[in-house]
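For reference, the structure is listed below as structure tokens.
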Amino acid sequence: MKNKKINLIVFLPAIMLFCSCIFLAFSNNDVFVMLTSSFYAWILDQFGWLFILTTLAVFIMCIALYFSPLGHIVIGGKAAKPTLSIWNWFSITLCTTVGSGIVFWGAAEPVQHMLYPPASSGIEALSPDSAVFAMSAIFRHWTLLPYGLYTLMTVVFAFVYYNMKKPFSLGSVISPIVPEKHQKSAGNIIDFICVFSLVSGLAASLYAAVLSINGGISKIFGIDSNIFIWGIIITVISCITLASAVSGINKGIKYLSNINVYIFFIILALILLFGGSTFIFSFATESLGDFITTFFKGSLFTGAAANDPWSKSWTIYYFANWMAWTPITAVFLGRICYGRKVKEIILMNLLVTSFFGIIWFTIISGATINSLMNNPSSGLIEAFNTGYENVIYQLFNNLQLESFLVPLYLIAVLISLVTASDSTTLAISSLCSKGISPESPEPPKFLIIIWVAVVGIVTWIMMSVSEGITGIKMLSNIGGLPAMFLIILVIICAVRIALSPQKYNHIDHD
């Protein structure tokens, strides 16, 4: 740790630009939201098609890598041994990638898509067809395609870091196609952009989690939402995140991830038991069939022919957001892949996590759809109209499990955010450090403290401004554009490595 220093070239521009944006948002939030929202809308208009093609290309590339000679290469060399058990690897990988989003949207998204399917589809709102479409769209937004983005970047980063012995930098992922003399400067620029956009993303995620937790507290204790309660929630989340991140992967992060997965399974079991298991499994089978048969059509739908904005509001929006999170998340996931074969990484990061996502949405979304279709006056639509975060609580009420599931759900939201934030904060702090290596992988603790404090304080300040977090959320989404171009370069690098894996596998040649 004595040799660890702050990388000012990455840290200072990222935190200065972030603070400048916060100042602008606080001083004139309407202008800030207008600028960021307009720019993001322009990005979706101009590059929406490329977000879609890139996401699909990455998924296909992951499948190709699995069957390529690269699939047999061990990250860290033939003698490398995994530092995590299969279960711990799974729980950390899952909790790092899903955050609180999978908990938040499980009930809200099917209601959204059933009420407002694409206008060009001709699907009637709240019809059986809208239910099948909703579940198929959810599978598309939350399983194979987004996890493909994480998987490819994870494989390439892990390979160049451990096997090519490149620096702990996102710029290293394009080292196979960038001349060595330009790799350091390119790495600093890429690290700075990705750190900036992801810090904004962490603030937006914390905001969503605070609203969800506050809704649960209101349900249990009848306490109205206010800035004081927000501050308490943010402080608790920040303290737990800090303690987990500082303790490292094999302590706080591992233990919290394990607890979180067990809570996920308990929630799933209870909702399956009381939410209509026969309908859930039958409906999931039908929806999975629709997802598979319309996989390419649905994945490539832009709405351009009918001038339908649905895809930009949902599929393209999701893909851009996933891409913004991909580089930093992959840095962490790549770090914990030591000792695993490339094909094992693809299995875990692409298929196993996607399978869990299918199970999660099959049960949570299936129970929501079952309740909505059997009783349109079940209160789900009314809850939806008051805020996305309220739908899950209404579902619990409909299942008569509110008194038990609400506290459990609050714990799940809290830990989900922490397990996503601690790993991301660890990766951000590492990218802002000098001296990170496989032998000494932990960043300076003061950097972790700085980033956790900045995200927490900024979120609380911006929540005190009406719609204050909207512009910050847009900053994170805008980060999807440079991330997409980085991912395109990573595809090229992956092809080059896969064609001659032994040429780049320096560690087994020593």
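Each Cβ is built from the backbone N, Cα and C atoms, and glycine gets one as well.
TrEMBL annotations:
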- 7-27: transmembrane segment (TRANSMEM)
- 47-67: transmembrane segment (TRANSMEM)
- 87-108: transmembrane segment (TRANSMEM)
- 144-164: transmembrane segment (TRANSMEM)
- 185-207: transmembrane segment (TRANSMEM)
- 227-249: transmembrane segment (TRANSMEM)
- 261-284: transmembrane segment (TRANSMEM)
- 316-338: transmembrane segment (TRANSMEM)
- 345-369: transmembrane segment (TRANSMEM)
- 404-425: transmembrane segment (TRANSMEM)
- 446-466: transmembrane segment (TRANSMEM)
- 478-499: transmembrane segment (TRANSMEM)
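Proximity of distant same-chain residues to the transmembrane segment (404-425), defined by a Cβ-Cβ separation under 8 Å and at least 6 residues beyond the stretch ends, is recorded for 92, 95-100, 102-104, 198, 202, 205-206, 209, 212-213, 216-217, 219-220, 236-237, 240-241, 244-245, 249, 252-253, 256-257, 259-260, 263-264, 266-267, 270-271, 325, 328-329, 332, 392-393, 396, 448, 451-452, 455. Counting Cβ pairs closer than 8 Å and at least 6 residues apart in sequence, the transmembrane segment (261-284) and the transmembrane segment (185-207) reach fewer than three and form no contact. Same-chain neighbours of the transmembrane segment (87-108): 138, 142, 147, 150, 205, 208-209, 212, 249, 253-254, 256-258, 260-261, 329, 332-333, 336, 340, 348-349, 352-353, 356-357, 360-361, 364-365, 368, 380, 384, 388-389, 391-392, 394-395, 409, 412-413, 415-417, 419-421, 423-424, counting only residues six or more beyond its ends whose CB sits under 8 Å from a CB of the stretch. Under the criterion of 3 or more C-beta pairs below 8 Å, with sequence separation of 6 or more, the transmembrane segment (144-164) and the transmembrane segment (185-207) do not qualify as touching, having fewer than 3 such pairs. Against the transmembrane segment (185-207), stretch 478-499 has more CB pairs under 8 A than any other of 47-67, 227-249, 316-338, 345-369, 478-499. Between the transmembrane segment (47-67) and the stretches 227-249, 316-338, 345-369, 478-499, Cβ pairs under 8 Å are most numerous for 478-499. Residues of the same chain lying 6 or more positions beyond the ends of the transmembrane segment (316-338) and with a Cβ under 8 Å from any Cβ of it are 43-44, 48, 51-52, 54-55, 75-76, 80, 82-84, 89, 92-93, 96-97, 141, 145-146, 149-150, 153-155, 157-158, 161-162, 168, 170, 190, 194-195, 197-198, 201, 249, 302, 345, 349, 423-424, 426-428, 430-431, 438, 441, 476-481, 483-484, 486-487.
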